[in-house]
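Scroll down for the structure; my scribbles are underneath it.
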């Protein structure tokens, strides 16, 4: 009876809208606008069921009628985009994983050949380079030029130079350009013993080794190292400034303390070697904390000066090792971790890797629970398996609470079939993982407000029906007065379908 009352209220509301729309205009509205007038009264996220099926059946003929015109429109739109087909193919090639793998192998092979070429040409003239290395050099240059052309043609020039990978694209372009210039100079200098050309070619040839940086771009661990090193340069700069100031201050102190002893002794002694000038004092202090010199030897040289000099040097070593260097290491590590967390590509790839690992663990759990290997889990199987404390602990480690097996099973069984397949199990666990998020709470508040609004409307409409029972008959007469083919008539027809379907469902339940 509740369902029939709801359908009756929906029908009355829809008839009121149809009566107002019938007075405004006839025809011209699209099918989607007419159907939206009925769908507005369905709950958010739950616009499905028998009512939706009835509307779908009612609109089947209209969808078939519009199919031909839509197909013709799509054909003309596709035929107009034939000019973009080559760029689309190049985009698919440039974004393919196998393309990056091939380029990576070419770079590694080029670097290996370059090493063999450098080893072979040591002590030889530039023109004595074997033909094998020249052919390999021309082959790699052509391959990298084609690769650069594909990447440039697959996107616009603005996106290539100003996109997210603009720095890598500029470096690749410069390296390819330098390789082409090197090939041109080799061809121009072939058979000519010009030493100026030979020096220029060696300079261009040395730039080929920087292609190995492109390999780092293709592998995530290498890319993380590059990003973190670049991000720590600023912190490292100020750390070096602080360290230089510290060395300068202590260098001045030890130079003043040892100046009189150095002047009174014969030249060439260890004290003069370590503290003979301000530069030597600062260098000795730096080498003492970085392993360049054994600080025990420095202490032996300071024993002839004053005991306070030895104590001050030991205090400097303790503060530098235990405080300054450790703080510097901590600051650099903190900066590196922050830069890795803020990089968008690294965060996305880390999230995808963690999600893939999590899904694999859930699939293993599903196979462990599915004792009969049917591909589906029943409530009995789920409850029996959850008696195992190890499995419960495994669920808790995955941030899933399984204290009540029945409640957890019902939350996973969205389709209410009392059977859960592997896809439903994985998606349900991903949805129920962890605590409630902010979006979940706001969605719950939205649905609560929507429900209260509809309940208030329903109560008001029930009061109207109770006070004036003849309202339904008066509203039904609108169908006779509404012109055929207008938006209002279509809305009324859909509302009648809703009413008939809801009444049939109510009778079936009774």
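Any Cβ shown, glycine's included, is placed from N, Cα and C.
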Stretch carrying transmembrane segment according to TrEMBL (options 236-257, 258-279, 280-301): 236-257
Transmembrane segment according to TrEMBL, located in which of 166-185, 186-205, 206-225: 166-185
PLDDT averaged over the residues of the domain 'EF-hand' (357-392): 82
Distant-in-sequence neighbours of the transmembrane segment (136-154), which means Cβ under 8 A and at least six residues beyond its ends: 86-87, 90-91, 93-95, 99, 103, 106, 109-110, 113, 117, 160, 169, 172-173, 175-176, 179-180, 182-183, 186, 211
Cβ contacts under 8 Å made by the transmembrane segment (310-333) with residues that lie 6+ beyond its boundaries: 232, 235-236, 239, 242-243, 246, 250, 253-254, 257, 285, 288-289, 295, 298-299, 302-303
